[in-house]
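Feature annotations, courtesy of Swiss-Prot:
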- 13-33: transmembrane segment (TRANSMEM)
- 50-70: transmembrane segment (TRANSMEM)
- 82-102: transmembrane segment (TRANSMEM)
- 115-135: transmembrane segment (TRANSMEM)
- 161-181: transmembrane segment (TRANSMEM)
- 198-218: transmembrane segment (TRANSMEM)
- 258-278: transmembrane segment (TRANSMEM)
- 285-305: transmembrane segment (TRANSMEM)
- 321-341: transmembrane segment (TRANSMEM)
Amino acid sequence: MEQFFWSYVWPALIMVGQSLLLLVCLLVAIAFLLLADRKVWAAVQLRRGPNVVGPFGLFQSFADLLKFILKEPVIPAGANKAVFLLAPLVAVTLALATYAVIPFADGWVVANINVGILYIFAISSLEVYGIIMGGWASNSKYPFLGALRSAAQMVSYEVSIGLVIVTVLLCVGSLNLTDIVLAQRTGLGTMMGLPASFLDWHWLSLFPMFIVFFISGLAETNRPPFDLPEAESELVAGHMVEYGSTPYMMFMLGEYAAIVLICCLTTILFLGGWLPIVDVWFLNWVPGIVWFALKGCMVFFMIALTKAFVPRYRYDQLMRLGWKVFLPLSLAMVVIVAFVLKLTGWAG
């Protein structure tokens with residue numbers, strides 16, 4: 001019995017504890033990133049943004065959370081109640097489940113599986129079901145139109161994201177996210193005789209794919225300028241029109257969790273993960289989780305600036321960009337990268 005406990009029960013308890021700790025840290029990070037998003041947008045518009053709740057408005061997101069929890073959920077009369085309430089739960093659960101395989105530093109991962117990137121791609125592809133369920137169950141035309149737009153948009157840009165990931169996998173030769181980060185210790189910089197640095201990361205050697213992945217990530221997470229599913233001027237709020245209180249909060253949490261996931265994946269695939277910008281002794285003292293967080297915040301800042309500066313695309317422009325520009329470009333890059341790797345015999 002004791003052997004059974006230490007062999008099976010204890011590892012399971014450790015994994016549950018790690019998952020709960022990751023969940024708490026992730027929710028706190030999302031709360032402050034949401035505040036940062038609002039602050040950036042306010043600064044661009046020459047406003048102050050949230051500045052009342054707590055010093056510099058730091059507790060605004062927590063006040064909003066409390067407000068949503070204390071509100072009574074209202075279910076439309078013609079809605080399918082079970083599906084209506086299940087939809088936000090599906091959306092937020094799938095969004096949070098992807099973080100199980102994200103390595104925030106060397107060894108800082110809940111489940112270090114060999115097919116981590118495939119797991120993330122599979123789970124994130126299912127997130128559209130939560131949006132479709134919410135749009136259909138609301139029994140209203142605006143949510144349904146928003147859900148249909150979201151399904152078409154996410155499916156269109158998943159193709160480009162998948163091909164971008166294939167180019168990275170060709171260079172690394174592994175589906176393990178930790179291996180993808182460690183492979184970026186050598187690259188174009190070390191080939192030129194320079195010490196390991198940011199010049200070795202994939203953002204330089206795969207720069208077109210870096211741009212495609214970033215823009216496709218915006219479309220995949222319904223962020224401006226690709227926020228067609230919840231366009232306020234057209235569909236009021238898209239699939240979330242009929243939602244309020246806790247279900248609305250869960251949809252928003254799932255949306256921002258997906259945005260943070262794109263920041264994490266961009267950091268891992270193209271920005272060296274937890275690796276320092278230059279491999280020197282005083283930068284190696286900085287914990288890897290700090291480098292990872294700084295790079296992720298930089299990507300999130302770029303996403304926030306895009307929201308503030310770039311106007312919304314029309315639906316036909318969105319589809320044309322995905323199918324007529326990104327898809328051929330991604331396919332061409334897969335062929336070019338494979339040809340170069342075969343010709344040179346180099347990977348890394």
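Counting starts with 1 at the first residue shown.
Using N, Cα and C of the backbone, Cβ positions are placed for all residues, glycine too.
For the transmembrane segment (161-181), the list of distant contacts is 101-103, 106, 109, 112-118, 121, 202, 205-206, 209, 212-213, 216-217, 220, 268-270, 272-275, 327, 330-331, 333-334, 337-338, 341, 347-348: same-chain residues at least six beyond its ends, Cβ to Cβ under 8 Å. Taking Cβ pairs closer than 8 Å, the transmembrane segment (13-33) reaches residues 58, 61-62, 65, 96, 99-100, 110-111, 253, 256-257, 259-260, 297, 300 in its own chain, all 6 or more past its ends.
Sequence-distant contacts of the transmembrane segment (258-278), counting only residues of its own chain at least 6 positions beyond either end whose CB sits under 8 Å from a CB of the stretch, comprise 26, 29-30, 33, 95, 98-99, 102-106, 108, 120, 124, 127, 164-165, 168, 177, 180-181, 184-185, 195-198, 200-203, 206, 209-210, 213-214, 217-218, 220-221, 223, 284, 286, 288-289, 291-292, 295-297, 299-300, 303. Sequence-distant residue pairs (6 or more apart) of the transmembrane segment (198-218) and the transmembrane segment (50-70) include fewer than 3 whose Cβ atoms are under 8 Å, leaving the two stretches without contact.
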